[in-house]
Number of protein chains: 2
Amino acid sequence: MIHPTESTTRTLVSQLRSRIGQTVTVCGWVQTSRLQSVMQFVLVRDHTGTVQLTHRRDGGALEAVLDGAATESAVRVTGRVVDNPVVKLGGLEIVPEAVEVPAPATAPLPIDEQSGPEHRLDWRFLDIRRRPAARLGFTVAATLEQGLREYAQAHGCTELHTPKLMGTASESGAEVFRVDYFGRSAYLAQSPQFYKQMAIASGIDRVFEVGPVFRAEPSYTSRHATEFTGVDVELGWTRDAEEVQAFEEGMIAHALALVAERHGAEIQAEFGVEVTVPKTPFPRLAMAEAQELLRGAGWDPEGGKTDLDAEGERLLGSLMRERTGHQFVFVTHYPASIRPFYHARPAGRPDLTLSFDLLWQGLEVTTGAQREHRYDVLAAQAAEKGMSLEPLTDYLNCFRYGCPPHGGFGMGLSRMLMVLLGLGSIRDAVFLFRGPNRLTP
Amino acid sequence: MIHPTESTTRTLVSQLRSRIGQTVTVCGWVQTSRLQSVMQFVLVRDHTGTVQLTHRRDGGALEAVLDGAATESAVRVTGRVVDNPVVKLGGLEIVPEAVEVPAPATAPLPIDEQSGPEHRLDWRFLDIRRRPAARLGFTVAATLEQGLREYAQAHGCTELHTPKLMGTASESGAEVFRVDYFGRSAYLAQSPQFYKQMAIASGIDRVFEVGPVFRAEPSYTSRHATEFTGVDVELGWTRDAEEVQAFEEGMIAHALALVAERHGAEIQAEFGVEVTVPKTPFPRLAMAEAQELLRGAGWDPEGGKTDLDAEGERLLGSLMRERTGHQFVFVTHYPASIRPFYHARPAGRPDLTLSFDLLWQGLEVTTGAQREHRYDVLAAQAAEKGMSLEPLTDYLNCFRYGCPPHGGFGMGLSRMLMVLLGLGSIRDAVFLFRGPNRLTP
């Protein structure tokens, strides 16, 4: 029987200040080399910072290793940490005793500062590795997600994983990817909508899910992707969408407080953005009021638009910011004509829905609603939308045996990150972007 | 502008003991009704317990509502909590003042205690709702996941979401689902393997991912599914698989300690299983030793098997339990012939890999390895397996520009839950099962 051995002790660059005078091992990448006639200076970067190796040429093996290590080679450096106020990087340096190059890089690198955005996406791993801001983005995304999850858990949600493979393209039929499935067709879930409602019908009181959602939408904008990470919540026994909104604003405020606390200073330094924790409640505005406000500011001069377009959302974001000082706004009571059949409608107003979008700085980051839980009304609303009820059978069956009132929302994690970090494109807010023209790397 | 209103105060059944003498509102489902000539007794269940409503017939509206509420109707009950030691359910009852039935159930229910397993899967929401053990399973799964995540976060992992849509069926080609993608083909990721390695090459030091994985495998066993939740870890700068195993055993011990602490008593009561926190390190056994041990116990009498089959895994689990008292065993050093091309091999032993499986009570719950990070060796190992290098281009490119040594593992969350709760089938360990013959509900 084999038993565990001690693993090599590795020191992170951020820990070096506390190791002055000691011999340590640092693992990282060659960032740049200044190879002079007498001295060799090599900057080595790990995920926590960059340190200078300082080596006086002596004709030995180490000299040759340092001369030969191309930019971005992965190196394992053992050496003594020396306090040296002259060195710009933290006022210290490592005097190396041994340098291994377990993974040399080929020269030249395929991208540089001049590379265009698509070419950089082709070499995404290298682009991320060479830009501390990009790596920080993933750390921030993870903290944001953790904050959302903490709030959901603390408020009674059970985290669940629902299938991405569906037997029918039931939610809308359009914009759904078809999958070959053992000689028949399956479809990729556009959202966990039906399944999280099914969880409510299962007696799981409140549900939280983080997972991929798939949209077969030929959109080429800076805010659309064919696959993205959705954060979904569904709450049993809500009386109206207002309870869902109250849950969501609390969740966002909690998550942004966590991000501000952990990364506020770094985000300011790398992205020039101040993370502010939003005050609750967020402002709310019914769709009819929103349109009135927008039309007063010159939006949709023909007066023909039922829904908000991206331009309207941006304008509304700035108008509301002027009026309220708030970055968020819930737009509520969307017309039934532009909302899915499963959104509940106010009593006596079949033309409206108990639904909302949440805009953050003018970008839609969430859609939510109180759901229609009455079987007959739900089936009638589906029929009214011209939907065939047969593919909806499994879904509708949930409402025949006591599915309580409920409501929920779906949030796009990458859109949240776009606004949080002031990114120009969703391509920069995900690890590997997927769009109609991009399935690689 | 609309502003938030107070939400209705709801009391959970588990909180009733502290509300004796007060008027509360309870939301739940009608479990059973005993409608006698003088008295009406209705049991109402929510996700925290069951309470008895006790109502004396008086010819009023409430009497009619209680008579009419079929089993599994969703009800909202307002009434006074009364201490009554005679009542079996917690020694208390609610004397109702008002009962709403926002979602009546149709009678009869489509499943009962005699329903077979497939029929119960058809009506999964109802089966879960009516079995507290099933609901507990999801709570336990969420806690297990939380424990794994906590450990990963505390040990430097960044939680990441990698694409499930891939441009090439690169990992193996077999057992991959094909997707129609804007007139061409995409493929569903069998695991985040390539992408989490790409994250290491991106300078994200350690990676954690929880997400769906897809296997187009026509397997009909109790432990296979075509879609399941994978928990993936990848660690930069590991020297060998041993470091990965040490990480994993620590992670599992932490997660099981959290499960034992939160749900140990309930799991014992509902599933008859004692949750024990495993001691670390777990036993380790090289594949060659494992086979020797197994053959000594009569496994594979023809001596022709290279890999362990399910029977061998089960037998090994019990043999190791006898020898070590431990429920877990790492089987290490699998032959290269039955492992993927990207597993690293020990120096001088091209026939072996630095890989492992983790068995828990004889069920494989994890595969892991030190990865081959050297471009030339990796390409040679792929070619040796007869793989075409062209579809691997994006993957292999990661190893040309300084991808450090690394290792990791993938764990099946539902298999972990199966063993933890002693479930007979993976169908009971997931919310909605997906298999070759099942895409619904």
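Just so you know, glycine gets a Cβ as well, placed from its N, Cα and C.
ATP binds B:ARG215, B:ALA216, B:GLU217, B:GLY412, B:LEU413, B:SER414, B:ARG415 as TrEMBL records it, and from the list B:GLU159, B:GLU266, B:GLU270, B:GLU364 the residue named for this site is B:GLU364. Residue ranges B:65-68, B:193-196, B:389-392 are listed, and TrEMBL annotates B:193-196 among them as region 'Aspartate'. Listed in sequence order, the residues of the same chain lying 6 or more apart from B:ARG215 (L-aspartate binding site) and placing their CB within less than 8 Å of its CB are B:GLU175, B:GLN190, B:HIS224, B:ALA225, B:THR226, B:GLU227, B:PHE228. Taken residue by residue with DSSP, B:GLU364 (ATP binding site) is part of a strand.
According to DSSP, B:ARG371 (L-aspartate binding site) sits within a strand segment. Mapped onto three states, the DSSP output places B:ARG215 (L-aspartate binding site) in coil. Among the residues the record lists as binding ATP, namely B:ARG215, B:ALA216, B:GLU217, B:GLU364, B:GLY412, B:LEU413, B:SER414, B:ARG415, the two farthest apart have Cα atoms separated by 19 Å.
Inclusion criterion for the binding-site residues B:ALA216, B:GLU217, B:GLY412, B:SER414, B:ARG415: a C-alpha placed within 10 angstroms of the C-alpha of B:THR367 (L-aspartate binding site); this criterion is met by B:GLY412. Under the DSSP three-state reduction, B:GLY412 (ATP binding site) is assigned to strand. Comparing B:ARG371 (L-aspartate binding site) with B:ALA216 (ATP binding site), their Cα atoms are 25 Å apart once rounded. The C-beta environment of B:GLU364 (ATP binding site), restricted to residues of the same chain at least 6 apart in sequence and closer than 8 Å, consists of B:GLU313, B:ASP357, B:LEU358, B:ARG415.
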